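According to TrEMBL:
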DOMAIN    17-201  domain 'Glycoside hydrolase family 65 N-terminal'
DOMAIN    271-612  domain 'Glycoside hydrolase family 65 central catalytic'
BINDING   TRP305, ASP306, LYS527, GLN528  substrate binding site
ACT_SITE  GLU430  active site, proton donor
Amino acid sequence: MNKEFQLTLDDVGSNGNQNIETLFALANGFLGVRASLPIAEEGCNAGSFVNGFYETSDITYGENAYGYAKQHQTMVKLFDFRTIELKINDCDKFTLSSRQMNLDMGKGVLQEKYVYTTSLNQEVQIEIESFASHKNRSVYAQKWRIMPLNFSGTIGVNKQAVHIQPNKVREDDPRKKESSAALQIDEEKVQTKNSGQILYYRFDDYQSEKLVEIGEEISFVQCYEMSKTPLSSIKIDYEVMKEAQQTIFQDFWSISDIELEGNVQLQKGIRFNLFHLFSSAGRDGKTNFSAKGLTGEGYEGHYFWDTEMYLLPFFIFTQPEIAKSLLQYRRNILPKAKERASELGYKGALFTWRTINGEETSAYYPAGTAQLHINADIAYAFELYEKVTGDTKFLSSAKDVLYETARFWLDYGFYSKRGFELHEVTGPDEYTALVNNNYYTNQMAKNNLYYAVKLANQYQEYVEEAVDWKKAADAMFVGYDEEKKLTKQDDSFLEKEKWHFEQTPKEKYPLLLHYHPMKIYKYQVLKQADVLLAHMLFPRGVEQEKRDFDYYEPLTTHDSSLSKAIYGVVASRIGYEKKAYDFFKESAIMDLEDTHENANHGIHAANMGGCWLGLIYGFAGLRVEGEEIVFHNHLPKEFTSLKFRYLHKGNVQEVVLTQDEKTNGDFGSS
Ligand code: BGC
């Protein structure tokens, strides 16, 4: 057993039950199951989810306005597959005496061992082995062994899937949300009331009552099946499926593993992050990757730009088939994006900020719909996919996404004497809203327009329109303060008063939970990387990037988990090695150590992708230049070596960085 691929409770910072449920959760892109205790305790939050299985309800506004999002979309919390009802002689009350968990990330299997004690000091051991099958994604399988440790007696077992009843609590934290919904459940399917979704299921319930001697055990296997289409009657063989699981995980790691020598904890953090990325990504072209994966109900299971800008680089470079299905999802919701643009009075398509079914579900438009950059983020990801994989076939089937987003920009922006401008937008930094010419948005929109022009010329379609797209891209205004020699985050940012950090006690962070937007928006204060994210994608030279880093980083609260990883990448590239190391470290252990104190809501998926960016775009300095993938060794002195693989146009490439080979030059593969 390779220790480096094993996650145990010793590796985890907080042993709170809800944290453990998230960190040890199992998922396969279709379903996810939180690793809750077999015997429920106060404060547990057991449950399972199916990607894209959601319920809708009307959003009630105190003051409504035209075009506001109309409906909540909420990933439904489904069954608790983990709770067991146990009886020893007449006793059904137990105290948990010991707990061991071992997530074998190398094989995609979770092993657990518990000892429970009755008031008469009878000890019973429970062992569970489980996995969310990647061979047959409708299956979550468990194998149980129950044995008396110091008594002989009658052991009664009742193990059934339990539906978790909705529990309405008012939440003031916008990052959490109630995910349970009243379901109509019959013998073979569950149905949501409003969204009309159907999920077929088949569960192996288990019941027994036996006299068991010390040394004997009760053992049984359970397969829980859920599917959006009627289930086939093929019998599942647990052992065969487990074998397949191991092969699939071996294949995954053979390409996607990263070996970082010099710090065992960070190495574990990296593998943990990659494990969850592989586990929660939708695979069917109709679902995506929710901000918390399939591990928790935070952000209601919504898909954001997180996928395109934080997760897709990892998938594009190491698991292109998954990347393709995540992009296919965007292609599939293009009609909704066209409807949304039209509803807002614009041509083309506008992808929604938060969504499951393609419709906008963000009720707060200044930090939601106004983040128009999502259009360009999606375009950027399609382009990166094409460049790295060479899969022009897929692009030719999805190029409408690029044309329609380009049409939107052309209609949304306008010409002034300064160039082509984009007003009233919100960039990635959600502590600054509804501004003119957000630098990131304008750079990304420009890139979006150019890529649409390239495709139009290549496929000889819409060539006349493409002339206008190119004109707008050429004229795109980007703000720069000549006096301060700084990139302007937007037209007004540098004119604002700076946030009074010295008067802000620690407990007032994250600011969004303690200050009204009218306070936050008025100041120079960032929630997350904005200009620097643009620099990561469109480098502006070390001197400029340093100046911008020195200016914007101290104004950044990093209240968003999407922030540090990006600052880390840029820090690597501009030679701020210590900062690069520190930021990377935090992104590697964010969930393991629960540094944002909300891992109980689910993993921070974007940060997990950010961890990959920190290593590959940061330490290894990866850049895509034309047809070439170029690297630069920025390995911090804390590490002796970094080794990873990636796929370029179908060919596996391996990169090894060491301290000895640290040179100033670029190297690459084409
Ligand atoms: C960030 C967004 C992100 C969302 C979901 C927010 O805190 O500001 O950029 O998309 O979380 O992860």
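Cβ coordinates are placed from backbone N, Cα and C, and glycine is handled just like the others.
Counting only same-chain residues six or more apart in sequence, the Cβ atoms lying under 8 angstroms from the Cβ of TRP305 (substrate binding site) belong to TRP353, GLN371, HIS373, ILE374, ASP377, ILE378, PRO428. Long-range Cβ contacts of GLN528 (substrate binding site) within its own chain (separation 6+, distance under 8 Å): PRO428, ASP429, GLU430, THR556, HIS558, ASP559, SER560, LEU562, SER563, ILE566.
Spanning the residues TRP305, ASP306, LYS527, GLN528 that the record associates with binding substrate, the maximal Cα-Cα distance equals 16 Å. Within 10 Å of the C-beta of the residue listed as 'active site, proton donor' there are 24 other C-beta atoms, taking all protein chains into account. Excluding the listed site residues TRP305, ASP306, LYS527, GLN528, the same chain places PHE304, MET309, PRO428, GLU430, SER560, LEU562, SER563, ALA606 with Cβ atoms within 8 Å of the centre of the substrate site Cβ atoms. If you take every residue in the domain 'Glycoside hydrolase family 65 N-terminal' (17-201) and average the pLDDT, you get 93.
Following the DSSP three-state reduction, the secondary structure of GLN528 (substrate binding site) is coil.
Shown in sequence order, ASP429, GLU430, TYR431, PRO510, LEU511, LEU512, THR556, THR557, HIS558, ASP559, SER560, SER563 are the residues of the chain, 6+ apart in sequence, with a C-beta less than 8 angstroms from the C-beta of LYS527 (substrate binding site).
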